[in-house]
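A.B. asks: What follows is a structure written as structure tokens; I'll ask about it next.
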Amino acid sequence: MAETEHRPTNFIRQIIDKDLAAGIHDTVKTRFPPEPNGFLHIGHAKSICLNFGIAEDYKGTCNLRFDDTNPAKEDITYVNAIEQDVQWLGFEWDGKPRYSSDYFDQLHAYANELIDKGLAYVDFSSQEAMREMRGTLTEPGSNSPFRDTSPEVNKQEFAKMTAGEYGEGECCLRAKIDMASPFMCMRDPVIYRVKFAHHHQTGEKWCVYPMYDFTHCISDAIEGITHSLCTLEFQDNRRLYDWVIENISIECTPRQYEFSRLNLEYTVLSKRRLIQLVDEGHVAGWDDPRMPTIAGLRRRGYTPGSIREFCKRIGVTKMDNMVEMGMLEACIRDDLNTAAPRAMAVLDPIKLVIENYPESQSEELTAANHPNDESMGSRTLPFSREVWIEAEDFRESANKKFKRLVLDKEVRLRNAYVVKAERVEKDAEGNVTTVYCTYDPDTLGKDPADGRKVKGVIHWVDGNSGLPAEFRLYDRLFNVPNPAAQDDFVSSINPDSLTVKKGWVEPSVTLSAPECGGWQFERTGYFCVDKDSTEQQLVFNQTVGLRDTWAKIAD
RNA sequence: UGGGGUAUAGCCAAGUUGGUAAGGCAGCGGGUUUUGAUCCCGCCAUUCGUUGGUUCGAGUCCAGCUACCCCAGCCA
């Protein structure tokens, strides 16, 4: 797609420019470090585009690293899904995917180094006792009674921890820093805990696992990461990041920089909440088209390019933000507007019978696949006496603003003839089921010869050759802009986020999709084939509707 | 006076040696149009959280104030 030509500029790229100019680095190495405990979402896409985008633009490299230090929450299915999503977005990581668990041996050795230096100790205090000794935001903490244990003893105790001689919660390894630090994370943080859990990478090899703050900085250093980019909530942790790097024997000194995470209106972007939506069945799964996950957006019909463009447009800063859905929608519309071939589908059909069109007759009309791009070619459109039209495109009477079919008035059938509504047939409830009309045979590809102006154009599907189809229309998942701010976010789920319609689609639309992934069903929106489709029943997801200025007037 | 951060339009966001407020989204007018789409043209911050100060000149420098976000997991 036509992405904005200029490379993004942001404070992180400016830091890199300075580092390069000052000779602090001669190459740039970044990394994208998800924990494999859930699916990637649009917020991760921001980080992915930042990290991989910088690597691309500076001719550096970007690693994919699974931050897998908590086996209790992680699973191999997530690592596979994450790899797929990053690749689908169009990025290539350097070498093989890395795992923090690749470094467990080294991490363990560094922990021992800290112990040797008198900078770490095994603490047998209960978790409650540790919490009390930590102090509060305004009061300093107090030292643990185990804080002055000798390095020799600590060495032995850590070995016993590692050998499985202590149970979970019985003891942990802590860095000896400063219980009075204004940074809570510096008050002797736990760096290793006992956990008897199966690890998806290391199996049963370990029963002690390093904590994030100890692991991340060392993993960065081992991989030679130059700029370690993460979100704002880790700003305090940077002090611990630097402390660890300074106090162990490692040459590389990666630097951490923090940017604000993405917030999107009318959805949630925290793994905890997304997991809850899936587990409690509020959505059909991680790839439910209403989900802000990469998998959900993909199934919804979003293209990789549209998501990359979105990330480019929102920028990277340290400001808290709440981006409007309209921003995301504009990106996919821009992409699909140029890339998607046009077709016609009727989602809520009523029948239109052309009384002066011979019953036995039918013909094949030609329609351009794109109104402003001849290179996309054309298709044939079967046409016969009975066609389906949209129920909302007909009214028995209407004012002049209604540019569609009205009794005794004319309208153009898109790519076909001008028709005039003559009479209607209704069901028991009074709903119009059939409109009878006449057509003007001399209006194919031209205006009426007598100069009559026909302003309206409606879409249709041939009654003989149209294919039955199911259409799934989506609305925002929540009915408040910031559901995460609610105490019970589940209660603000939009009950009408999914609408299913049964209608017809023109026969040129088949299971095999165009290159961009979908079509524009003219006057309706962009759609893609859903995986629930069968040979008998096509199922379409509406990716996004067309911009609809009429809807505003009509209200 | 715990500490760490952030304040530029409805939303996102440029603005980096102080020189007179980019761009995008949304919105509003108008034109083209066999999609009420697209496309095109025009409009949309006398003002940068706030109050003072320095200066010929301040979104940019200084001081005070205010608002919001993050931190007291053996989660990341």
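Any Cβ shown, glycine's included, is placed from N, Cα and C.
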A.B. asks: Looking at A:23-33, A:34-44, A:375-385, which one does TrEMBL call motif ''HIGH' region'?
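C.D. replies: The listed stretch tagged motif ''HIGH' region' in TrEMBL is A:34-44.
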A.B. asks: So which range, A:13-17, A:168-172, A:268-272, gets flagged motif ''KMSKS' region' in TrEMBL?
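C.D. replies: In TrEMBL, the motif ''KMSKS' region' feature sits at A:268-272.
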A.B. asks: To the nearest whole angstrom, what is the C-alpha distance linking A:Ile42 (ATP binding site) and A:Asp67 (L-glutamine binding site)?
C.D. replies: 19
